[in-house]
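Record features, source TrEMBL:
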TRANSMEM  B:6-25  transmembrane segment
TRANSMEM  B:46-70  transmembrane segment
TRANSMEM  B:76-94  transmembrane segment
TRANSMEM  B:121-140  transmembrane segment
TRANSMEM  B:146-175  transmembrane segment
TRANSMEM  B:187-206  transmembrane segment
TRANSMEM  B:280-300  transmembrane segment
TRANSMEM  B:312-332  transmembrane segment
TRANSMEM  B:367-385  transmembrane segment
TRANSMEM  B:391-415  transmembrane segment
TRANSMEM  B:422-441  transmembrane segment
TRANSMEM  B:447-468  transmembrane segment
Amino acid sequence: MKRGVVLPATAVGWSLLLAFLGTLILGVWPVIGWVNQQPMWWGLPAILVWSYGIVLVSCLVMAWANRVVEQDDDQ
Amino acid sequence: MTSSLPLWITLSYVAIAMAIGLHARRGQSMQSLEQWGVAGRSMGPVTLYLLIAAGGVSAYTFMGAPGWAYSKGVPVFYVVVYLAYLAMVAWYCGPRVWAFGEQFGHVTQASAISDRYQSPFLGGLSALVMSVGALAYAVLQTIGSAYILSVMSGGAIPVWAGVVAVLCCIAVYLFIGGQRAIGRTNAFQGALMFSVAWAVGLWAAYSANGTVNFAAVFERLSRDHATWMSLPGEGGSMSFSFWTTSIVVSMFSFMPPVWTQWMSADSARTVRRSATWLPTYYLVILPMVIVGFIGIYRLPDLVRSDTVVLEYAMQFLPMWLVGLLGAGTLAASMSSSEPFIHSVALTYGKDILQPLLRLSDEVTARLSRWLILPLMALIVGPLAIAEPGSLVMILLVGLGFASQVLPAFIGMFLWPRASKTGVITGILVGFVLTTLFTTVWKHPLGIHAGFWGLMLNLPVFVVVSLLTRPVDASVTTRFFRIAAPQWYRRRQALGELAGDLEH
């Protein structure tokens, strides 16, 4: 038996991993290429709004992950 | 600048930072590495949030980032994105690093590496090479501090005197209070920076356009400076590939002070909660970048783009705000340089001198503490005064190395099979390629040099690990019980770990 790579052990764990990866994809090509083609949003460059949108999304994903982890800890 | 008000405000900040730093010790003995190095693992979520946030926000936020906005435009926002991702990496790794430290007594990044791979040589090597980038970073921040003092004093305080003054100030409270002093001063500096950045940004927007709405800035820019408003930016240097690879490389560059900061928390939950809200602090970058954008049309003939905020403030803002800007920028420089100096002293003592000279923990603690003085007097100070032209190159090479240590962390958090030889080989080939692509053939095909390094580093690391002897199973078991408890329990239930022990 070989020592495998650490992977999520539960469905919620997989959801968290996908949420983290999804957030990562939001900030890199090709998504950022699409954002770059957009006109101004609320009078601001689309890249600016998108960058701070990613800040918000990353906080929300981590806040959700905290709830999951802390529930697991409590159990 | 004729008024002395900005200088007095800046000096008042220095005095307050000193007082907070000296008070931070509060009767605690600093004779052990646990206390001087990681504040007795005592920091709560708010202090830790501001410690990491202020430590990560350097003079770059007040000078470099607005300079990028001024000269290139929106490419500067890659920094916001990678800092948010860095917080997510911290969310995953930070609590595990804290638990390693708490259970195995680690106080530095290199000591964790040394323990995981059962190799004091690998620990010492990573400590030594990581310190090159860390010291270059501290030198650049010290130069920034001295520059601010010089500007705020209208040239009355020469750069050499500014360097000496700032280093003396940091040395005193760092020696006396260690990580506790860094925590307290960073908390103050972090709050100051955030308030000052927004005050300056809003005032600048109002003075330029008669409204605090940032949209007015971009309405004007979109007419005459459209290339600043989308990638690849003015000058065309930020392609999609460079944006993407810069973010990926930066988010996996674990600098040693960050580990020490994680280990200073009072619990794993504290690290997780601080990391969760850490990205919100990076709103500090937005107003400063806006001033950079305003500078495009109000200061079109600047010689040095990174002086755009200071120049704008001195020409268009009230003197008291210029003083606060000086204090905020100085806070950014000091809050970034002191953790780096502290972590280098700590790792030189713990990971190089202790195993080399077989010192006791007590002697190592005393030695590490005293080491900040020669580090400042013989390396940081002289280099900051001399400002050698190769300094930025040294920093880039140092950061290039930091990005190539990734295999060591993969073996700590994700892959028990990673071997010492695999890690060393991966790091070496990645470092050589990154250095070549940073200094000789810069970022081929518009892809970040560090990313090229990782593309070679990671396959080599995996193949060599599989071909060489793994670390003793008792060690990996010890680490992965903490790093991946559910995964560990599941494999244990399936009976797979018995097989592992035989490998």
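Yeah, the Cβs are placed from backbone N, Cα and C, and that goes for glycine too.
Remember, it's a predicted structure, so these values are computed and weren't measured experimentally.
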Take the transmembrane segment (B:121-140) and find every residue of the same chain, 6 or more past its ends, with a Cβ under 8 Å from one of its Cβ atoms. 58-59, 108-111, 113-115, 255-257, 336-337, 340-341, 343-344, 347-348, 351-352, 355-356, 375, 379-380, 383-384, 391-392, 394-395, 397-402, 405, 408, 420, 423-424, 427, 431
Find the member of B:76-94, B:146-175, B:280-300 that has more C-beta pairs under 8 Å to the transmembrane segment (B:367-385) than any other listed stretch. B:146-175
Per Cβ pairs under 8 Å, the stretch of B:6-25, B:146-175, B:187-206, B:312-332, B:422-441 packing most closely against the transmembrane segment (B:46-70): B:187-206
Residues sitting near the transmembrane segment (B:187-206): Cβ under 8 Å, six or more positions beyond its termini, same chain? 13, 16-17, 20, 46-47, 50-51, 53-54, 57, 61-62, 212-214, 216-217, 281, 283-288, 290-291, 294, 309, 312-313, 316-318, 321, 324-325, 327-328, 331-332, 334-335
Recorded stretch that, among B:6-25, B:312-332, B:422-441, has the most CB pairs under 8 Å to the transmembrane segment (B:146-175): B:6-25
